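There's a structure below that I have some questions on.
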Amino acid sequence: MAFNDLLLQVGGAGRFQQIQVTLVVLPLLLMASHNTLQNFTAAVPTHHCRPPADTNLSKDGELDAWLPRDRQGRPESCLRFTSPQRGLPFPNGTETNGTGATEPCTHGWIYDNSTFPSTIVMEWDLVCSRRALRQLAQSLYMVGVLLGAMVFGHLADRLGRRKVLILNYLQTAVSGTCTAFAPSFPVYCAFRLLSGMSLAGISLNCMTLNVEWMPIHTRACVGTLIGYVYSLGQFLLAGVAYAVPHWRYLQLLVSVPFFAFFIYSWFFIESARWYSSSGRLDLTLKALQRVAWINGKREEGASLSMEVLRASLQKELTLGKGQASAMELLRCPALRRLFLCLSMLWFATSFAYYGLVMDLQGFGVSIYLIQVIFGAVDLPAKLVGFLVINSMGRRPAQMASLLLAGVCILINGVVPQDQSIVRTSLAVLGKGCLAASFNCIFLYTGELYPTVIRQTGLGMGSTLARVGSIVSPLVSMTAEIYPSVPLFIYGAVPVAASAATVFLPETLGQPLPDTVQDVENRRGKRRQQRQERKQMVPLQASAQAKDGL
C-alpha cells in the first residue's frame, strides 16, 4: 500500500499513465493476429493430384480420367490413377474401364486458389503425407511462446520491464519480417519460433509494466482493457486477412508495425516499483519525479526525497526479502494442492481454446466470417464472466465456464458435418466460455497464491497453458482415426478439469494471503468450519426430536 500512496501522490491515473498504457497496449492488437495467423497463412485449399507433365489438360475429360472419386463423388486429394481411366464404366458402376490401380501424387498437386491465392500449404505442399508438418509449425510457434515466457520473464526481473520490451519489439519485427521472406519450410518454422518467444515477452511485460504504474483501484480496469484489446485484434486479423490473402504479404503486414513500436518504446518510463525492488532508490526517485512532472504534479514530485522513499518503502522491501522459492509449490501441502488444481485448469483452458480457434476451416462456413464471430463472442462472454465472478464467486464461475465449454465441444463431436449452423453455434458458445475461463483463472490464481510466491505461481500457470497450446495442434492429427476424435478430446479435458475447482477455496470478498502461513491458516479454518457443520447436524436433529416430544 505504501507504493500505491506514492503513485497517488504523483498523479494516480494521470496523463502519463493514460499515454503509456495506450502505447503499451497498442501492440497487443497485432499479437492476437500472430497467435492465430496460421488459420490464414496455412489454410488448406481444395486440392487434387497433378497428372503427368505430358498430359493435355485442355482436352475434355482428360483431367477427370486421372482422378479417382471419393464416396461424395469428389476427386481424391491424395491419390490418382496409374493410367487414365477413359470410356464408359462397367455395368456394376464400381470402376471405369482400365486397371483402376491408384498411386500417390508423384507429380505434385493442383490447388484451388480462388479463396487463398498463396499459403504455406500450397508453396511447400504440406498435404497428404506431409500434412502433419502444418500442425508442427503451429506447435513450434507455441514452443517459442513457452520459451519466451520462461526466458523473458526472468530477464524482466533482472534487467527491467522496459529494456525487455524494447528487445521484444525488435525481435518480433525482425523475425516476423524474415518469416515473410523464408525460402524454405524449416527456415519458416525457425523464425516463427523466434516470433513466439518475443510475443510471449511482450504479453507478460505489457501486463506487468502497466499494472505496476497504475494505482490499485484502476488495475482491474487495465486488465479488462488488455483483454478487450486482444479480442479486437481478432476482428482486425479477419479484415486484414480478407484484404491481403497472400500469405507472405499478410505475414509482412502484421510484422512491420513492430518496427514503429520498437522506436517509440524508447520513450517508456521504467517501472519505479521494479527499481525499488532492485534496491535502486535513486532511479525510483527520478522515475517518480518525471511522472509527477508529466502529470502536472511538480510540487508533489519535488517534495519526494531519498529519505521519504526509504521510510515509505521499508515494509515492501522487508516483504521482498522473504520471497519463497518455486519449490515451495511442491514442498508445502497447502500450496501443492493449489498448484496441482490450478495447473489442470490452466492446461485445460488453453488446450481446448486453441483446439477450437486453430481449426476454423472445420466448421463449413467462411473462414473470415467465423474469425469475426469468434472475436465478437469474447465481448459479451467476458462481460458475463465478470458479472458472475463478482456476484456468485470465482469457484462457480471457473467450474461453470469450463464445464459448459467442454459440453458444447462434446456435443459438436456428434453433430453431423453438414449441420454447419449448429456446429458453428456450439463452437462459438464453447469459445466464449473458454474466453471467460481465461479471465477468471488469471484473477483466481492471483487471489489464491500468497504475495511471497504469487508471481511464481502465475508464471507456472502460464507455463502449463503454453504446454496445452503446444499439445493442442498435435491432437488434431487424431482426425485420421475418426473425424470427431479431436473434438471428443478437446471436450473431455475441460469437463474433467472442472472437477478440480471442488478442491479450491472461494476467494470472493476474502483478503489476499501474504505468506505461506496465511494459506495454511485459511486451509485450517475451512477444516474447522466443516467439522463445526458436521457437529451441528446431530445437535439440530436432537433439538427437533425434543421439540416433537
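Glycine too: its Cβ is placed from the backbone N, Cα and C atoms.
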Of 185-208, 425-448, 473-496, which range does TrEMBL call transmembrane segment?
185-208
Same-chain Cβ contacts of the transmembrane segment (249-269) under 8 Å, 6 or more residues past its ends?
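Sequence-remote neighbours of the transmembrane segment (249-269) are 16, 20, 23-24, 26-27, 30, 33-34, 37, 40-41, 162, 165-166, 169-170, 172-173, 175-177, 179-180, 195, 209, 213, 237, 240-241, 287, 290-291.
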Go through 139-156, 185-208, 338-356, 368-389 and flag the stretch with the largest number of C-beta pairs under 8 Å relative to the transmembrane segment (220-243).
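Going through each listed stretch, the top one turns out to be 368-389.
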Cβ under 8 Å to the transmembrane segment (185-208), counting only same-chain residues 6 or more beyond its ends: which ones?
24-25, 27-28, 31, 34-35, 120, 124, 126, 133, 136-137, 140-149, 151-153, 155-156, 161, 164-165, 167-169, 171-172, 175-176, 178-179, 223, 226, 255, 271, 462, 466
Which bits of the chain, at least 6 residues beyond where the transmembrane segment (338-356) starts or stops, bring a Cβ under 8 A of a Cβ in it?
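For the transmembrane segment (338-356), the sequence-distant neighbours (Cβ-Cβ under 8 Å, at least 6 residues beyond its ends) are 142, 329-330, 374, 398, 402, 405-406, 409, 427, 430-431, 434-435, 437-438, 441, 444-445, 448-449, 457, 460-462, 464-469, 471-473, 475-476, 486, 489-491, 493-494, 496-498, 500-501, 503-504, 519.
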What average pLDDT is reported by the model for the domain 'Major facilitator superfamily (MFS) profile' (27-509)?
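Its mean pLDDT is 81.
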